[in-house]
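What follows is one structure encoded as structure tokens, with my remarks underneath.
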């Protein structure tokens, strides 16, 4: 029997050979649609979603409490977990639930909540994971561990046996398989146009009564059928949009519940948001867990949808050294204690005519309140580019990894724009550390040689390590100074891919007369040990240059074929296009087919004459509790630099003169066989590499072998060296 419903406008009857959604002939259409929305999930998924899985898993909490057992329940695409308050009872939802238990759980321990009376109180859920927007993988180093990655946290889980882990992974995979089918089915279905017919008998009868001929009636019928078909297509598109919006709403609601259960959202978009460190003693069921996952083999993900800016999954020592929670970085330098007096370069040159230039001490007026060691760390301001590169490589996209590495190599020059003061020259043996958990990195540098001046650094991030040393060779050309960095920077990812490059030449113009400015020029070769390498050309600025600071280059594969073209400005942004097709119009209009790789952050609102970036302002800050655990060689403890930052210029000049006299005596230490404390020279090469042990010594506050380099220099100190 056919179902007929009168169209309210045109007297059109909808006909379907099987009815709409297979409802009975007597049911109206509206009733059938309402019933289809309430169909059980198993009717859409073949019963896969109706299965509930439960069991006990061990969840990593923190280094104080370690692994703790939790009761996990997988139901309808949601994985929830709760603390086991009473070991003798593990609550299930209701007596009607068909629950598959994983693991060795005795029946006496299980209890079910009476859905009618609610006499037994259900355990409180402390965490929720929506599997549709999550991914998971097994551990390569432990056959009982696996990980679940979400936008807000990473769960580190462990089972009692290999069999139990396989069962949980199979259950998670089966649950994820239902989502594509579910999103296509939606809440109710439309009848395909080919199965839908329209009865126009009443319309034709009415037109004949009006005296219209047969040809005109057929033409009206065709117009009506065409309009109805178009309307049906539009309604179908609206239905699909509605379904997608409902799916997105479900995901947002689940994520909101997850954040509410965890107590605080600890995920920052693009690495720039607020971040809360995990305490080493507090419970971590509602906080971000950390563990060394990167040390394992190349992971095989069950879901490739991941987020670039996961909180750092560093080594165990990375968490152990983080003794502060909710570190709030400063946004401006301290207000100066006294008014600064300008210094005439001409008068300074006149006063020092005929003197030994090696003994001439420049006033602190020409310095900025950071050291060259801290300046090295400033190059890692945009370290999120390396996090992206790590994620791209992990997902198999080597080209995007190489592009982000190139963007990182360029981004380090952005902070030099408008910076006219020189950083403090470190003393021999001076060090600097930077533990920035909100960026997922920790950095360490040391001055390893005084003649020539060599600075070595080492940085650890999420899935990558960065190290290098640099020696500056300078040439004076009368009106300008040319600085050529000598040294190789190395970036190594946990999967073994390595990139190496050297910095380009920098020139400071108009040091005597005119407006002082800095420019970078030359060719940078970024060499990779696998599929891709990169060549970047920093264009030298000319007098009539209308578009200065340009950078152009390309990424090529091992066969020499250009895979992507890069262009932009080292002080603003960098773009890329696939292949070798680029022209000048794209350079002037980045909004064309190019994709943005990196963009410089906006300068701080409180600009001083130093023109420090927001990131550089934080480098010399002594956050609460930090001074007590720093070694006596750290740059933050250097007195002349601290006085300059506080605006105590007279004290800064006196301390600078004292320390530079001590610095000249440091050559005796180097000539007597002095060696760096934390770095060593690699073989016969001139490169230095981090030997390790600094962060461990920091954890124990063991600085017995670190000299007081900012104190008075004595002959006994030289003899002891």
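The backbone N, Cα and C atoms fix where each Cβ goes, and this holds for glycine too.
Here is what Swiss-Prot says about this protein:
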- 20-47: region 'Disordered' (REGION)
- 20-37: compositional bias 'Polar residues' (COMPBIAS)
- 274-335: region 'Disordered' (REGION)
- 299-308: compositional bias 'Basic and acidic residues' (COMPBIAS)
- 325-335: compositional bias 'Basic and acidic residues' (COMPBIAS)
- 640-669: coiled coil (COILED)
Mean predicted confidence [pLDDT] for the coiled coil (640-669): 86
Cβ contacts under 8 Å made by the compositional bias 'Basic and acidic residues' (325-335) with residues that lie 6+ beyond its boundaries: 276-279, 369, 437-438, 604, 606, 608, 610, 612, 614, 617-618, 621, 623, 645-647
DSSP-derived helix, strand and coil totals, residue by residue, for the compositional bias 'Basic and acidic residues' (325-335): 0 helix, 0 strand, 11 coil
